[in-house]
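Written below as structure tokens is the structure these notes are about.
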């Protein structure tokens, strides 16, 4: 086996084969943290040591250890020729000519048609961003931020005006969250470095959050959505059981950290109000310090210095801290409902090794488009299109959706579109269904 960052020569001890030609069975043996191989375009790479230096985080590499990573590799990287230069030292061989190009349960016909569709979209220029669109997004955030402060500065700190200020700040924070998402996916500028810089600015200075923390977490979600132990968004820390498999597993093992058959009730008290102000903030501080990410820490500090300088003269230190906590709570409600209605009611299970299209469609649904829905969700009501094409600028999702729908119909893949109301209700309904499955398994199995 190669050293992950060094080319393994044929015949070197541990290389697996003298001729540098491998079967899928041989590749699949190398699937743990200390021994990671992956396949991209039929080439076999040893990423064991290099994974630690991967800009998107080592975990997302590990999620494809022992697998074909071609589709994910293509989806995430805007300049494939440039990125493949970094793969050359990791190359240890290729698949045997008798081996299929795709492993396990992946549908070759779906993959071929999807690749054709992506090429067509590239030709039509649908991966090119409109600068004015993103300038307007940034403009609304800056105007809302300034408006919130001016209201308090001009008219005072009454309860009514403080509440109005909080709502405006929460809108600005949420919209900044959607905008940083665009930069994080490299969907705005052609130059990756510009996307990274603006991502740091929006995430760090406008929101007070670590951009690297978000990237490393969010790319795992896109790589393996709704897959236990791989998608951090379905790691519920034993607070909830989700999907149809986990509740039964917990029930059979008599695991009862909480009364899960009531989770659809206590979700309203735990999930929406506490995700951002409690869990996310603890994880951000821990991650930045653990990784010694001083650049992101400096950006975060710049946000809090700016906020405190603006509001301490009017509210004092404790009043300003209370204000920001309330704003985070409002933002958290907005964020949780928008993100969960696209994924939580969908299939959540252990790894099934599906092709890219099938995996994304099984774990994702859309919400009907309208001017309000598009703005309210940051165009993540087109969650299917976003997951299939994470680098595509969001203003083009509505153009792509009919073509994706046609592809799904051709191959018999369900393409779900819901109203906003049904999407919100399905979050609670899915939690209740999972809780009932847990109770039945806990009592009777």
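The backbone N, Cα and C atoms fix where each Cβ goes, and this holds for glycine too.
Note that TrEMBL annotation is computational and uncurated.
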Checklist line | Which range of 242-265, 266-289, 338-361, 362-385 is transmembrane segment, per TrEMBL | finding: 266-289
Check: TrEMBL lists transmembrane segment for one of the ranges 193-219, 301-327; which is that range?
Finding: 301-327
Next item on the list: Grab the same-chain neighbours of the transmembrane segment (301-327) for me: Cβ-Cβ under 8 Å, and only residues 6 or more beyond its ends, written as numbers and ranges.
Entry: 149, 152-153, 157, 162, 165-166, 169-170, 173, 204-208, 277
